[in-house]
Amino acid sequence: MTNAKKTVVVGVTGGIAVYKALDVISKLKKKDFEVHVIMTESATRFVTPLSFQSLSQNIVNSDMFSEPKAWEIQHISLAKRADLIAVIPATANIIGKVANGIADDLLSTTIMATKAPVVFAPAMNTNMYNNPIVRDNINKLQNLGYKFINPASGRLACGDEGEGKLADTELISEYIQSMMYDKKDLQGKKVLVTAGPTIAQIDPVRYITNRSSGKMGYAIAEEARDRGAEVTLICGATSLAAPFGIEVVSSRTNEEMLKEVLDRFNEQDIVIKAAAVADYKPKQYSDRKIKKAEEELNLTFIKDNDILKKLGTLKNNQILVGFAAESNDLLENAQKKLHNKNLDYIVANDITAVDTGFASDNNKVTIICRDGKTIHLDKMSKRQVASRLFDLMK
Ligand code: CTP
């Protein structure tokens, strides 16, 4: 991702979660964003501006009428400079002010004066958050195009349990990066991705599966989301956390995955099958746990559905992408799959490579296009592989 030179103005308002905004700023700095901080007067009572200044590496702005440090009027210059304004944490007060056109301090005037997108990460007591006045204000702002990162549920600083905890700082930083992503070429497109291993159940306690972690499919889904697509991720048995802004559908077996994919296939623009689908299942599922008996245990397996092949026969205008996991004759085998399954692209993976592939964050792949064009990519992050794949579809 290229965030260099992009400016995020972080508005910090007065709540106990103020200290967590420091963590978000640190994460944004690590991703190369330029960060400017505006603190409200009450925020400065929780954490001193010095901490924010040190992490953002910029003077913290809080007073509208302070001696200007440059010739520009502060709220106008920050409003213009911002590529995005993020209010972390956002109190009921700042939400109420912006929703009702009140601009009486540096943060509210900057928000009022900006043309940049504004995102609020609310944090407050549950009863405040559920107060119909706050809800009305949030709805009103959402209808006007302001974004909200919903608070989490849990034990709040005041001792109450419920919704109102500031969302996870990792999630907030990812949300901001997603909004600021340079490429938005999938806006208006529907993308379906499958990820992770399926399982084939043997008896109530045993199943067979494979080593796929699902990371490649998740990276593809996140790339598509950040480029503006409406994304559905149909995942097998992965333990990865559901990414924000993506509809995640769980399916454990080949049959379940087939059903979930077919239910949605017609409405998609792009379908990418990164899942490692089990090709065989036990001929007979035993309802009872198989007991230890003879020295040898033989199980018979029968072929299961080839989901991608089926999609290849049904496809009309969808761009269809498959993966080829190979231990030998990589390109030859991948090419065969591209044609047999009627694909537009196939991403060939050498599963014997150390350091890439299964469970790794990196991958080294070759992408083959329908017209025979072959693109060898060096080892790179799975997210970068995803980006190169979508670049090809332009
Ligand atoms: N695939 C599928 N259904 C299956 C098997 C595979 O949809 N039953 C999809 C995978 O998601 C992948 C592509 O087909 O996109 C190729 O999967 P791969 O496991 O590499 O190949 P197979 O078709 O299973 O062939 P083989 O096991 O002989 O390599």
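Just so it is clear, glycine is given a Cβ too, placed from its N, Cα and C backbone atoms.
What TrEMBL records for 1-190 is region 'Phosphopantothenoylcysteine decarboxylase'.
Positions annotated as domain 'Flavoprotein' by TrEMBL: 6-164.
Residues or ranges marked as active site, proton donor by TrEMBL: Cys158. Under the DSSP three-state reduction, Cys158 (active site, proton donor) is assigned to coil, being neither helix nor strand. Applying an 8 A CB threshold to same-chain residues 6+ apart, the list for Cys158 (active site, proton donor) reads Asn125.
The feature domain 'DNA/pantothenate metabolism flavoprotein C-terminal' is assigned by TrEMBL to 186-392.
The annotation region 'Phosphopantothenate--cysteine ligase' is assigned in TrEMBL to 191-394.
Annotation source TrEMBL lists CTP binding site at Asp279, Lys289, Phe323, Lys337, Lys341. The number of other Cβ atoms within 10 Å of the Cβ belonging to Lys289 (CTP binding site), over all protein chains shown, comes to 11. Reduced to three states, the DSSP call for Lys289 (CTP binding site) is coil.
Candidate recorded positions: Cys158, Asp279, Lys289, Phe323. Those with a Cβ under 6 Å from ligand 1, in sequence order, are Asp279, Phe323.
When the record's CTP-binding residues Asp279, Lys289, Phe323, Lys337, Lys341 are compared pairwise by CA position, the greatest distance found is 37 Å. Model confidence over the region 'Phosphopantothenoylcysteine decarboxylase' (1-190) is summarised by a mean pLDDT of 93.
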